[in-house]
Amino acid sequence: MRKIEFFDTSLRDGEQTPGVSFSISEKVTIAKQLEKWRISVIEAGFSAASPDSFEAVKQIADSLNDTAVTALARCVISDIDKAVEAVKGAKYPQIHVFIATSPIHMKYKLKISPEEVLKNIDKCVRYARERVEVVEFSPEDATRTELNFLLEAVQTAVDAGATYINIPDTVGYTTPEEYGKIFKFLIDNTKSDREIIFSPHCHDDLGMAVANSLAAIKAGAGRVEGTVNGIGERAGNAALEEIAVALHIRKDFYQAQSPLKLSETAATAELISQFSGIAIPKNKAIVGANAFAHESGIHQDGVLKNAETYEIITPELVGIKHNSLPLGKLSGRHAFSEKLTELNIAYDDESLAILFEKFKKLADKKKEITDADIHALFTGETVKNLAGFILDNVQIDGHKALVQLKNQEEEIYVSQGEGSGSVDAIFKAIDKVFNHQLKLISYSVDAVTDGIDAQATTLVSVENLSTGTIFNAKGVDYDVLKGSAIAYMNANVLVQKENLQGKVEQISAHDGI
């Protein structure tokens, strides 16, 4: 049975989700969990986009033991140089080169002829192949590319040394039957004396990303690209956890399997949710809270008699656990540090001391501590470090609020606000500290775990009216009002960072496949 390589681009394409911005430490933690999940290749980022993007790719490449690491590069020599430098510390370094091939992209975005595109493919793939052993090539907007020219572009890349050919459905345009035919045509007609592996990369604009990816596998693709929880710009990308479980459950049909350790699926999905600030929908396939819930009495009766009557997937298969951790108020620092290691949470002596102190405070308030609680503690700490501000105090008096913030220079800001309710008053007080032009797009509070004593994660989404950029921010605390203040403070800090730095670092927020 064929084993399909799984290529995760949560840290590159997934981060293009509006409002999502992972810190470097969060990216490294995610990469380590992806390795634990046994992802074949991690696309760690677009290393030429900014110094932070380069550093994130480099740190991930240096941190992993067995997982291949790749960086995205346009068909531009300087991009490739940056990518090569960033991934050189990886045990298995790869480079992913792309250029658009559809008529609309060549005419309006690239403003060059098809002949020039082919010359660029040959030059850049050859240049990359001289520097790393494994090169992947993607013809951007492949599904709107004339089929014979697509074959010509693919053949040019293969002749120049590409081992992997990725066929992106960049705008989520294709259908399963059509996509499968494209793969069969390319696989049958691409000439090479070595093995060439094709892969799908699907966006979910028409809700068919997973179906299209599976159709490509059925047609002969040996690698599949996607993101955890399907995160990504617009409607998102193909959800890798859905593809993996579909291959597992229907291996009789696809005659293929994933390399993933499926029992790490839930933990991986939860980590991405925590760090991205995007809650997993309750009805989400595979990892949603309702994926194994049965409301109908007939269904409940059947499941109690034999789970296979209505469940084709067991919670245990994907690592959904209902037991709490053997950690509590009497647990010591050593046991706590071992749990952090088990959860792939990076720490040093200083951060361990801070996290352990927060853990002990939580254990005094909460009887049962879960993995999600530990992730929430870490998320709250990394967000605070990213922000450079801490919330010293918040006081509520009816519709009035007083907040006290402190920055890294130990400067203290005290502000009062009055609003239609407690949260509105807190936000207005924080607005006076930062004085940004913001629009609050969404505000939500989610319990980290079940129970009346659960920690809460507060999520806010704001628009910087000066630039139109959307930012997601989160605050984690046992107190919902305090968590709300932290989240809104963090959102303001992200806006402040953008206003100070501008967008000069970024090549393009949407320049990718």
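Just so it is clear, glycine is given a Cβ too, placed from its N, Cα and C backbone atoms.
Quick look at what Swiss-Prot lists:
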BINDING   Asp13, His201, His203, Asn237  Mn(2+) binding site
DOMAIN    4-266  domain 'Pyruvate carboxyltransferase'
REGION    390-513  region 'Regulatory domain'
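Across the region 'Regulatory domain' (390-513), DSSP helix (H, G, I), strand (E, B) and coil residues number 35 helix, 50 strand, 39 coil. The average pLDDT computed for the region 'Regulatory domain' (390-513) is 86. Within 8 Å of the Cβ centroid of the Mn(2+) site, not counting the listed residues Asp13, His201, His203, Asn237, the chain contributes Thr9, Pro168, Asp169, Thr170, Cys202, Ala209, Glu225, Gly226, Thr227, Gly232, Gly236, Ala238, Ile513. Its Cβ taken as reference, Asp13 (Mn(2+) binding site) is surrounded by 26 other Cβ atoms within 10 Å in the chains shown. A C-beta separation below 8 Å, combined with a sequence spacing of at least six in one chain, links His203 (Mn(2+) binding site) to Asp169, Thr170, Val171, Gly172, Ala209, Gly232, Glu233, Arg234, Ala235, Gly236, Asn237, Ala238.
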